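K.L.:
Can you read through this structure? Questions will come right after.
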Amino acid sequence: MSKYSDAKELAGLTLGKKTDYANQYDPSLLQPVPRSLNRDDLQLGDELPFMGHDIWTLYELSWLNNKGLPQVAVGEVYIPATSANLIESKSFKLYLNSYNQTRFDSWEEVRQRLITDLSHCAGEAVEVAVNSVTHYTQQPIVTMEGECIDEQDIDISSYDFDDRLLEGAAGEEWVTETLHSHLLKSNCLITNQPDWGSVEIRYQGHKIDREKLLRYLVSFREHNEFHEQCVERIFTDLMKYCQPESLTVFARYTRRGGLDINPYRSTEQAKPDHNHRMARQ
């Protein structure tokens, strides 16, 4: 379990508890989780070593127009990594469900409500796009960039998280390369439900030993943290043990409750070049 799984800030969350589903707009359903919980554990101060966003895709976004006709859309939300809070995913789902039987005058009104409520919960301005389903019909299904490290013939017997698996991972050769793995799996901090993801690591620095990197990523398999926290842990551990000159860690998780979360942390830029979904999303 995470060191902070019993933190008082988590006690009031609806996650892991039986809840009623509201169908009338209710922004009070949103629940924040302080980013400081895991950042204190990672010894991160106010000056973060990365830029980034948490990119959410909202696949189950629906409301009524002013004549009562249901509308459906796909939303994209960009929450800055500098915000005080991340948004707890079950509360996000319940909040979106509250739109289902509520009338709005326009799509723009829905977008503005989302911006206002999510920004208030996160503690910083968020960006929101509300797109029609047809917007996505010509978009590609992509994979991660770079080389996949998953096909290594190695024995693994322990699945307990261990950052020391990265000890000695930095070699002599100086490279610029991108690696990825589809074997990232962790567990929800509260419910212990599995979270499945793929992770892309782009860096410039001493060449990272791929076997050590894969063993490290697999060690998340029984680890309990939220998606965003896992990505920040990967970033800080790579910085600690490998000390690259530049580093980007981008994970794309499978959806749950109509939402997927795609945390992006980088020394180079605050957002990825695209937000195309992958085959498992």
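Note: Cβ is positioned from N, Cα and C throughout, glycine not excepted.
On a predicted model such as this, the values are computed, not experimentally measured, just so you know.
From Swiss-Prot, for reference:
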BINDING   Ile87, Glu88, Ser89, His227, Glu228  substrate binding site
BINDING   Ser89, Lys90, Arg256, Gly257  NADPH binding site
ACT_SITE  Cys188  active site, thioimide intermediate
ACT_SITE  Asp195  active site, proton donor
REGION    261-281  region 'Disordered'
COMPBIAS  268-281  compositional bias 'Basic and acidic residues'
K.L.:
Are any of Ile87, Lys90, Asp195, His227, Arg256 (the recorded positions) within 10 Å of Cys188 (active site, thioimide intermediate) when you go C-alpha to C-alpha, and if so which?
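P.N.:
Neighbours among recorded positions, in sequence order: Asp195, His227.
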K.L.:
So for Cys188 (active site, thioimide intermediate), how many other CB atoms are inside 10 Å of its CB?
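P.N.:
Taking all protein chains shown, Cys188 (active site, thioimide intermediate) has 18 Cβ neighbours within 10 Å.
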K.L.:
Among the binding-site residues Lys90, His227, Arg256, which residue has the fewest other Cβ atoms within 10 Å of its own Cβ?
P.N.:
Arg256
K.L.:
Could you state the CA-to-CA distance between Glu228 (substrate binding site) and Lys90 (NADPH binding site) to the nearest Å?
P.N.:
15
K.L.:
Could you give me the DSSP helix, strand and coil counts for the region 'Disordered' (261-281)?
P.N.:
0 helix, 7 strand, 14 coil
K.L.:
May I ask for the distance between Glu88 (substrate binding site) and Arg256 (NADPH binding site), taken between their Cα atoms and rounded to an integer number of Å?
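P.N.:
Checking the Cα atoms of Glu88 (substrate binding site) and Arg256 (NADPH binding site) gives a distance of 12 Å.
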K.L.:
Output, ordered by sequence, the same-chain residues six or more apart from Gly257 (NADPH binding site) with a CB under 8 Å from its CB, or 'none'.
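P.N.:
The list for Gly257 (NADPH binding site) reads Glu60, Ser89, Lys90, Lys93, given in order along the sequence.
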K.L.:
Looking only at Ser89, Glu228, the binding-site residues on record, which one has the least crowded Cβ, with the fewest other Cβ atoms within 10 Å?
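P.N.:
Counting other Cβ atoms within 10 Å of each of the binding-site residues Ser89, Glu228 gives the minimum at Ser89.
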